[in-house]
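Trainee: Before we start, here is the structure in question, set down as structure tokens.
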Amino acid sequence: MTSAVKRGATSSTRDRDTQTAREETHLWTRSVHVHVTMKIYFCGSIRGGRDDVMLYRKIVEKLQSYGTVLTEHVSSTELSHRGVCDVIELMSCHWSGVCDVTELMSCHWSGEDASAAGDRFIHDRDVNWLRQSDVVVAEVTQPSLGVGYELGRVVDMKKKTLCLFRPSSARVLSAMIRGADDGERFVVRDYGEDEVDEVLEEFFNALKRT
């Protein structure tokens, strides 16, 4: 083999190796982006009822393997249906008996203040989190005006959204949620409690391919 042919073969091999390295780096970067920097907004009922809070906790724990859950507090067992956290927790923060947003924030409180001022704070904070989020996951079995409102905003923002509904609840999901399913950007999935991991893995694996 002549020197020129050898040089050409070496150059071709080097180019292929470089291309392969670039592709591997691209895939690794995408993987890191999905698993580390993704911001996830989880929707679940608070004032509409807290019957599913343990399921919310299970979902949020799984979601945390894919990124940062901005609304982790929704899965807290210390958050009641009235939108306030456990009295013992508040007492540990030297709570004065008035649910003041500034005071509670200084205690690193992430719950929901049921006062009028708190309502405005919660609304503005949550809409801001919705804007920041890369993806939205909502458990919609427990009817909730707040979750419905959030999903309406999400559709306008064109966010990738997964809605989870349990037919075993004997409830019927609102047509305004199920009817919004387009099979791509806004997806409604019926599931059972033992399918949480499987359903979320399927959803996030699909995100990696887009």
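For all residues, glycine too, the Cβ spot is worked out from N, Cα and C.
Residues annotated as substrate binding site in TrEMBL: Tyr41, Phe42, Cys43, Gly44, Ser45, Ile46, Arg47, Tyr56, Glu150, Ser174, Ala175, Met176. The annotation compositional bias 'Basic and acidic residues' is assigned in TrEMBL to 13-22. What TrEMBL lists as region 'Disordered' is 1-22.
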Trainee: Around Glu150 (substrate binding site), how many other C-beta atoms are within 10 angstroms of its C-beta?
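Mentor: Total other Cβ atoms inside 10 Å, all chains included: 21.
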Trainee: At a 10 Å cut-off from the C-beta of Ser45 (substrate binding site), count the other C-beta atoms across all protein chains.
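Mentor: Ser45 (substrate binding site): 23 neighbouring Cβ atoms within 10 Å.
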Trainee: Indicate the candidate from Cys43, Ala175 with the smallest number of other Cβ atoms within 10 Å of its Cβ, considering only these binding-site residues.
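Mentor: Comparing Cβ neighbour counts within 10 Å for the binding-site residues Cys43, Ala175 gives Ala175.
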Trainee: Determine the C-alpha span of the substrate site listed in the record, that is the greatest distance between any two of Tyr41, Phe42, Cys43, Gly44, Ser45, Ile46, Arg47, Tyr56, Glu150, Ser174, Ala175, Met176, in Å to the nearest whole number.
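Mentor: Output for substrate binders Tyr41, Phe42, Cys43, Gly44, Ser45, Ile46, Arg47, Tyr56, Glu150, Ser174, Ala175, Met176: max Cα distance 23 Å.
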Trainee: Among the binding-site residues Tyr41, Arg47, which residue has the fewest other Cβ atoms within 10 Å of its own Cβ?
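Mentor: With the binding-site residues Tyr41, Arg47, fewest surrounding Cβ atoms within 10 Å: Arg47.
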